[in-house]
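Database features, via TrEMBL:
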- 3-39: coiled coil (COILED)
- 40-73: repeat 'TPR' (REPEAT)
- 562-595: repeat 'TPR' (REPEAT)
- 596-629: repeat 'TPR' (REPEAT)
Amino acid sequence: MSNKEVKAALKSARDAIRNKEYKEALKHCKAVLKQEKSNYNAWVFIGLAASELEQPDQAKGAYKKAIELEPNQLLAWQGLANLYEKPNQTDVKGDLANVYQKLLELYESGDKQKWCDVCNKLVELYHEEKKYLEVAETWQKLIRMKQEEGAGKAELHRLWKKMVQLLKDSTRNQDNKTEQLLLTAFEHALASADTVPGEDHQNLYKDFIECLSKFPYEVARLEKACHDMMALYPTMRYPLEVLCLHFIHSGTLSEKALHCFSRLFEMDASSGPGIIGFGIKCLKEKKYKEAVKNLTEGLQKTNQCPAAWHYLAKAQMKIHKHRDAVLSCNQALEALGTPEGPNLRWKNLALQLKAETLIKIAGADAAEEAIKALEQIVDASSDPVVSALRGQAYLNKGLMDQASKISQELLLSHPDLAESHALEGFIHYSQKNYEQAERSFLNAIERKAGTAEYHQYLGLTYWFMSDETKKDKGKALTQFLKAAKLDSYLGNAFCYLGNYYRDIAGDKSRARGCYKKAFELDETDEESGTAAVNLSVDLGDVDTALSILNEVTGKANPGTAKWAWLHRGLYYLRTGQPSQAVADLQAALRADPKDSNCWESLGEAYLKRGSYSTALKSFRKASELNPLLVYSIYRAAALEQILGKYENAIATYEEILKKTENYVPALKG
């Protein structure tokens with residue numbers, strides 16, 4: 001076949017393809033290849049015809065042969081791209097990307113429009129494959145090309161915005177290079193915006209700040225973006241809220257952070273982050289009740305804020321609301337999920353605080369929960385304070401050997417740590433080794449004098465050590481006073497101050513004040529409540545006694561607060577108000593149905609009311625529960641006599657006289 005005939009055959013092949021006679025085209029091409037095996041156009045035409053005849057493997061082979069012959073010729077690359085783009089071609093995306101890259105290289109110095117079209121296709125392909133770094137780098141090439149061509153500000157703005165949209169899902173991948181390219185795209189898009197300030201620009205700024213807040217290491221950039229947006233949009237609370245949440249989450253309560261909290265709170269007193277920030281400010285200023293109130297309110301509006309839950313737990317612990325603090329720690333841990341990076345720190349803090357709080361609650365179940373919390377802390381074994389907490393949890397659970405082992409190890413490895421000596425003190429105190437406990441608590445106080453709990457336990461050590469140390473003003477009393485001064489919410493310190501003033505100093509008025517304070521701090525403290533009521537009655541201040549009892553009974557659930565119902569019932573009984581006495585004594589018995597004295601008092605109240613049959617039943621119940629209650633047995637006999645049951649009455653009187661021969665009321669009866 002001559003040169004002329006080859007050209008004629010290729011022309012025939014081209015015409016056949018144009019007329020969609022693909023098999024005919026293949027014949028002409030094969031005839032050419034018999035003569036010239038390296039004919040580039042023949043291979044390209046075979047590729048095109050085979051592709052149309054749904055023979056992809058033959059088409060691919062032909063195009064690749066052509067590329068092998070002429071690697072920098074466009075036709076074969078274009079044909080291969082068209083082949084790979086067909087819907088029936090699967091698992092070729094990687095190959096297609098390589099083809100597009102080659103086409104970009106070939107178009108770069110020539111057809112700019114086709115270069116841009118291929119570039120768009122390549123970016124779309126990378127985006128489908130979630131190859132965000134490649135998306136970013138390729139799109140940046142497109143923007144550079146447009147800049148070189150002198151594209152206007154509006155077109156460049158559109159391109160930078162498009163890059164932002166393409167990369168917005170990449171934040172989950174945590175790839176630093178992609179992250180930087182995304183942030184750069186945001187900055188260029190903001191800088192090239194046409195209307196500033198304007199709604200589109202404002203929304204773009206919000207997206208930029210939201211994006212920055214996902215990257216823990218872009219603190220400076222986030223702060224700058226928030227301040228810049230606040231300068232442009234001074235009435236918008238969004239950048240200020242993000243900045244406040246950033247400060248809350250960072251855990252740095254600097255003047256800058258506190259100023260930010262105040263500014264947001266002034267701008268919008270109903271903003272969740274603003275109220276949380278104000279609560280944290282109160283916590284820093286030691287206004288603990290106010291802190292609890294504000295943090296609780298703020299978290300109702302912005303509840304997915306682990307740091308805020310942690311601060312709430314801290315404030316609740318400061319006012320000894322330990323069960324509430326445990327719940328807040330659980331909320332913090334739930335909001336954190338499976339944390340990493342800076343969030344891991346918050347998880348460790350929440351777990352440690354939860355354990356501390358559970359140890360304060362005491363009891364074996366709480367101790368078990370505390371041990372589980374401590375086991376979840378990352379690198380806990382290297383933290384001596386966590387080890388000391390574990391020792392306390394073991395002690396509360398009754399595992400003395402484990403607690404002692406930890407104590408000994410800590411004293412050897414960390415002799416200057418207050419917690420090491422405190423743990424030793426708690427162990428000695430629980431074993432009533434008061435002299436050794438005194439030495440340990442003094443060592444702990446020497447290293448950390450501002451801990452109320454250490455002074456409280458040293459006071460308790462002196463209280464139980466001997467009558468001498470109990471009465472010595474410089475011992476127990478001094479320590480309880482120090483504990484109360486350091487922690488004004490420590491109810492137990494005020495209770496023991498009340499014990500001292502009542503039992504040692506004989507100062508009923510001061511004792512009553514201490515008991516009242518202890519009870520106000522902890523309404524479950526029956527000892528302090530009872531003592532405050534009794535001392536109020538002794539001091540002739542019945543109104544105060546009644547106000548305490550009314551407050552407790554007013555809040556009490558059925559079957560609780562027996563002591564308050566009993567005290568008020570006895571008061572009504574003494575003051576001739578039998579109906580009220582009956583109601584209160586019945587409420588007391590719902591809390592403790594086996595209290596024989598309470599049944600006896602109820603019988604007395606029924607008797608005074610004239611309800612003889614029910615009085616009789618109450619006295620009988622009292623004597624059943626406690627056969628030694630002679631008065632109840634006598635009252636039952638007297639009521640049988642009143643009700644005309646003479647034989648029963650005589651039998652009951654005789655029963656009393658068998659036990660107590662000279663019991664005059666029975667003899668009279």
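The backbone N, Cα and C atoms fix where each Cβ goes, and this holds for glycine too.
All annotation found in TrEMBL is predicted automatically rather than curated by experts.
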DSSP-wise, what's the residue breakdown of the repeat 'TPR' (40-73) into helix, strand and coil?
27 helix, 0 strand, 7 coil
If you average pLDDT over the repeat 'TPR' (40-73), what do you get?
94
Using DSSP, break the repeat 'TPR' (596-629) down into helix, strand and coil residues and give each count.
28 helix, 0 strand, 6 coil
